[in-house]
Amino acid sequence: MKKLLMLTTGGTIASVEGENGLAPGVKADELLSYVSKLDNDYTMETQSLMNIDSTNMQPEYWVEIAEAVKENYDAYDGFVITHGTDTMAYTSAALSYMLQHAKKPIVITGSQIPITFQKTDAKKNITDAIRFACEGVGGVYVVFDGRVIQGTRAIKLRTKSYDAFESINYPYIAFINEDGIEYNKQVTEPENDTFTVDTSLCTDVCLLKLHPGLKPEMFDALKSMYKGIVIESYGSGGVPFEGRDILSKVNELIESGIVVVITTQCLEEGEDMSIYEVGRRVNQDLIIRSRNMNTEAIVPKLMWALGQSSDLPVVKRIMETPIADDVVL
């Protein structure tokens, strides 16, 4: 019999109507009471970690979630984490870096409609998450609307539809329906890799989206505030060097010891800075390339990498090395 633990953090799935709109209010045991027992041979216990709207999610809370999994890892066969949808992709990626080579399923889910509403996707999503947790497939995953997504590859694309999340630049792991679980990709974990937990994070990371007209001077203000900056550039990853010269400011950031990651605003296919002059002018030895990683994975990965070291070559190596299938080289 599988022994599962549900860790709750709040989110839409646990929300109720209040004077100022929807806000988390359903407790862990109550949340589970809305879901009918499955035929799967399992028992489930609950633990409430927090009860927040995921818009208020912070890196320190990622650590709390990871530590809860660590503390209970030996006592349970799998974990279901309920979470708000707005920052779920960031959390799933962060857990993928802090909880590497898990031999047990760590499944994150939530809903677009509160579980207390008559018409809701919450019951199905929790049910699907439990079913997948019973499979015993190790790793961190997002389960939503019948789709199983690698924890580092989930992105929220829709604000209202049930199919809020998609897997970007990576196949779906599986699909869940009434007939069972249909695997779309074989999940393999090297047997010699042991489960490791490292919750060291440096939260001094900024995400900046380029746009025409952006003032280069704003980069000066970032020097004293951050140790790492993720720049969402255009297309294949070029950086403007004419008119409002952003490239010079990027070079100044690097010279001052700040780690800079270049990614693209395009969701699919990733950056390739080797194609255009605007990409080739960037110093490939000093800049960190994101290739086809999702922004929602790049940000927590950079926090985690800077938590391991402040040395640029070390951080660059970590960032450009695949972890939990976050990048395909």
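Here the Cβ of each residue, glycine as well, is placed from N, Cα and C on the backbone.
For the substrate site, Swiss-Prot lists Thr85, Asp86; matching the candidates Ser36, Ser48, Ser54 against that entry yields Ser54. In the predicted structure, the domain 'Asparaginase/glutaminase' (2-322) carries a mean pLDDT of 94. The recorded positions listed here are Thr12, Ser54, Thr85; among them, Thr12 has the most other Cβ atoms within 10 Å of its own Cβ. The Cβ centroid of Ser54, Thr85, Asp86 marks the substrate site; residues of that chain outside this set whose Cβ lies within 8 Å of it are Gly11, Thr12, Asp53, Thr55, Met57, His83, Gly84, Thr87, Met88, Gly110, Lys156, given in sequence order. When other Cβ atoms within 10 Å of the Cβ of Asp86 (substrate binding site) are tallied across all protein chains shown, the result is 18. Here the Cα atom of Asp86 (substrate binding site) is found 9 Å from that of Thr12 (active site, O-isoaspartyl threonine intermediate).
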